[in-house]
Each structure stands twice: as structure tokens, then as C-alpha cells.
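J.: Following this message is one structure expressed as C-alpha cells.
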Amino acid sequence: MGTVGDAEKKPTVVFVLGGPGSGKGTQCANIVKHFGYTHLSAGDLLRAEMKSGSENGTMIQDMIKEGKIVPSEVTIKLLQKAMQDSGNDKFLIDGFPRNEENRAAFEAVTKIEPAFVLFFDCSEEEMEKRILSRNQGREDDNIETIRKRFKVFLESSLPVVKYYESKGKVQKVDATKSVDEVFEVVKVIFTPKDEKKEDLLCKFEYQKDHLNATKLAVIALFRTLQACLSRTNTD
């Protein structure tokens, strides 16, 4: 791929949003496997940069220790570099933008608007149940943290979803269902229109062939009955 800001060939970006425990990570892995996207997690990139020991990583670590919010531009530059280094032109950006400021900064810096937002809609009760089942034995320690994370998601990330919804760019998926059921819906969203048409055509041809076979079978049965009746009358 060219540079991320390349006006001629901009990459395809899909923002993946959903509360903690909504199943984003699992579904992103499925999309990568089936549709060839590169999965980028803003949180993972920040953690990797901190571990690298770079000047930038030290700055990020110091800000987090002091309870400060890492500037959007820092996260966006990490995302840009990861996109350029990947050699791909299709990206799932997971857990970003976290708020309206992130969103506006990403579009301003990269000059890229997402193709759409994949929003995993899941109730707080279901997400809580899933996270607690992953952290058995630490339920009392985690439940308050989980609820705080969910509150932050509602207050900060949901306005981003609503912004893109107003532009007709949100694909909402009911994430309360099983992993396989959710991915069946996701597959429809990511399957190119030409393939969908081809699939419909194949189904139509199959139904037509099936109908013709049934028709021939009925004609054959009718002729057999006619022959039987003719012999009966002759006898």
C-alpha cells in the first residue's frame, strides 16, 4: 500500500466498537481469517510501544502513570505506522476511536473516513456475565471495574457510534447471540456485493433445476398411471 494519506489509493478502514465482553476480539479474528483484513488494536499498539523502551514509549508510560490521557495524535501515529508496515490495504481498527475527540483527530490527521463502523451491540448483563465467566475466582474484585468500563463506553464511545449512525455508516450486530450466529451476520456485512449476487444466482439456478426435476418426476408418474389405467381398461 502507499502512504496512509495517499489521495489516490486510500486504505479501507473499519472501526470496530462494542463494550467490554461484546466479543469484538473473537469476531475480528474471524474477519481476518475469512476476509484478509489486518486487525489493529489501539491498546495493543500503545502497550507494545511502551515495552519497546523508545522515547515515545517512555512518554506514553509516564502519561498513563500520571493518570493523563494519551493524546489522540500519538495513538493515530502508531496506527498509521502499523498500517504502512502491514503491506495490506484493509484494516479493522479495534477499540478506536474511544471518543469524539479521537474520531475527529483520526479523520483530520489521516484524511480517511471509515468505510463503516462495525458495532457489536450487547446488553450490560450479558457482557458482565461473559467477563466474569472468564475471570472465575475474582468476581468480587472485577465486577465494579467491569461496570466502570461499561459506563465509560456508554459515555465516551456511544456518541461516536451515534455520529456515524447519522451518516448511515453503522452496521449494528446483535452480539448477544453465539459466536457462530454472530459471525453469520458479520459474513453478510463483509461479503462483496458481486459475491452476494453470484450466491443468489446459484441459489436461483439450484431452485430452478430442482423445480424442473420435480416437474419431470410428476410427468413420469402421470404417464405411468396412464399406462396402468390403459392396461386395466384393456383387461
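Cβ atoms are placed via backbone N, Cα and C, with glycine included.
Note: TrEMBL annotation is automatic and uncurated.
For GLY21, SER22, GLY23, LYS24, GLY25, THR26, ARG134, LYS177, the entry in TrEMBL reads ATP binding site. Among the features that TrEMBL reports, ribonucleoside 5'-phosphate binding site is placed at ARG47, LYS68, ILE69, VAL70, GLY95, PHE96, PRO97, ARG98, ARG138, ARG149. Summarising the annotation, TrEMBL assigns CMP binding site to ASN102.
Help me picture where these features are in the structure shown.
T.: The 10 Å shell around the Cβ of ARG134 (ATP binding site) contains 9 further Cβ atoms across the protein chains shown.
When Cβ atoms from all protein chains are considered, those within 10 Å of GLY95 (ribonucleoside 5'-phosphate binding site) total 20, not counting its own.
Around the Cβ of ASN102 (CMP binding site), 21 further Cβ atoms fall within 10 Å across all displayed protein chains.
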J.: Determine, using Cα-Cα distances only, which of these binding-site residues is closest to LYS177 (ATP binding site): ARG47, ILE69, PRO97, ASN102.
T.: PRO97
J.: Can you give the largest Cα to Cα distance in Å, as a whole number, for the residues GLY21, SER22, GLY23, LYS24, GLY25, THR26, ARG134, LYS177 that bind ATP in the record?
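T.: Maximum Cα-Cα distance: 17 Å.
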J.: Sort out the sequence-distant neighbours of ILE69 (ribonucleoside 5'-phosphate binding site) for me: same chain, 6+ apart, CB within less than 8 Å of its CB, listed by position.
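T.: Counting only residues 6 or more apart in sequence, the Cβ neighbours of ILE69 (ribonucleoside 5'-phosphate binding site) under 8 Å are MET63.
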J.: Using a Cβ-Cβ cut-off under 8 angstroms and a sequence gap of six or more, which residues of the chain neighbour LYS24 (ATP binding site)?
T.: VAL16, LEU17, GLY18, ASP94, GLY95, PHE120
J.: How many other Cβ atoms sit within 10 Å of the Cβ of LYS177 (ATP binding site)?
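T.: For LYS177 (ATP binding site), the 10 Å Cβ neighbour count is 15.
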